[in-house]
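Feature list (source: TrEMBL):
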{"type": "DOMAIN", "residues": "1-206", "note": "domain 'Cytochrome b561'"}
{"type": "TRANSMEM", "residues": "46-65", "note": "transmembrane segment"}
{"type": "TRANSMEM", "residues": "77-101", "note": "transmembrane segment"}
{"type": "TRANSMEM", "residues": "113-132", "note": "transmembrane segment"}
{"type": "TRANSMEM", "residues": "144-166", "note": "transmembrane segment"}
{"type": "TRANSMEM", "residues": "178-198", "note": "transmembrane segment"}
{"type": "REGION", "residues": "217-238", "note": "region 'Disordered'"}
{"type": "COMPBIAS", "residues": "226-238", "note": "compositional bias 'Basic and acidic residues'"}
Amino acid sequence: MNIIVLPLVSSSSQQHVKSIDSIADKKDGIHKVSHKLMFEIRLHGFLLWASIGFLMPVGILAIRMSNRQECGTRLKILFYVHVVSQILSLLISTAGAVMSVKNFNNSFNNHHQRLGLALYGIIWLQALTGVLRPCRGSKGRSGWFFAHWLLGTAISILGIINIYTGLRAYHEKTSRSIKPWTIVLTAEISLIAFVYLFQDKWLYIQKQGLILGDESVTPKQQDSSSTEKQKESSSEKC
């Protein structure tokens, strides 16, 4: 009896070991896939942030600064910064879109995927309007400018919203904290908005006499100088 039982025990133990090994192999495979998916999600998020969250705002600020330049080298530099940043933004966002279609489950059952699909279409439409830019002084210039501005504004707003929804989707997928990334993104957007709005006030501040290079002239000093000139003119008449 002992001779018969021992082989049975040994065979059952071997089967148990094999089952444990197969389960471990399956777990290792799942772990490897999850790491790969995690890398792809992070890379997708980085590409879309670099495109819509960084390069596109840089191009917007550059073209906004060029509005104060009448001509010259600085105007050309700002214009080419705008063009190059927008082209890079288009290429990087396209790479992120191809990556999402290839590697992710695109069932379009959440706001992030739906908004991203609409955003990709608007980005390419904006690029097309940039290529078809009419010359200054032509009849269609004003209409083109309004359409280009409207599409750019829509991309900026929808892009920011989609980055936040992407962070939310990342949290739901991985259960990891997104608070640090949300704080950094909000600080970056606030800084960009401040610079964007401050550009309108910069010329106004200069006109008020608060900043005039090395010479500082206040409105009171301007009033006093004007009154002195009036006195001098009246004295000359006498």
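Positions of Cβ are set from backbone N, Cα and C atoms, glycine also.
As the structure is a computational prediction, the values presented were derived from the model and not from experiment.
Contact between the transmembrane segment (178-198) and the transmembrane segment (113-132) does not hold: fewer than three of their C-beta pairs are under 8 Å, each pair 6 or more apart in sequence. The average pLDDT computed for the domain 'Cytochrome b561' (1-206) is 81. Remote same-chain residues near the transmembrane segment (46-65) are listed as 78-79, 81-83, 85-86, 88-90, 92-93, 95-96, 99, 116, 119, 152, 155-156, 159-160, 162-163, 166, 185, 188-189, 192, 195-196, 199 (criterion: CB distance under 8 Å, separation of at least six residues from the stretch ends). Long-range contacts of the transmembrane segment (144-166) within its own chain (CB-CB distance under 8 A, at least 6 residues past either end) are made by residues 45, 48-49, 52-53, 56-57, 60, 110-112, 115-116, 118-119, 122-123, 125-126, 129-130, 132-134, 182, 185, 189.
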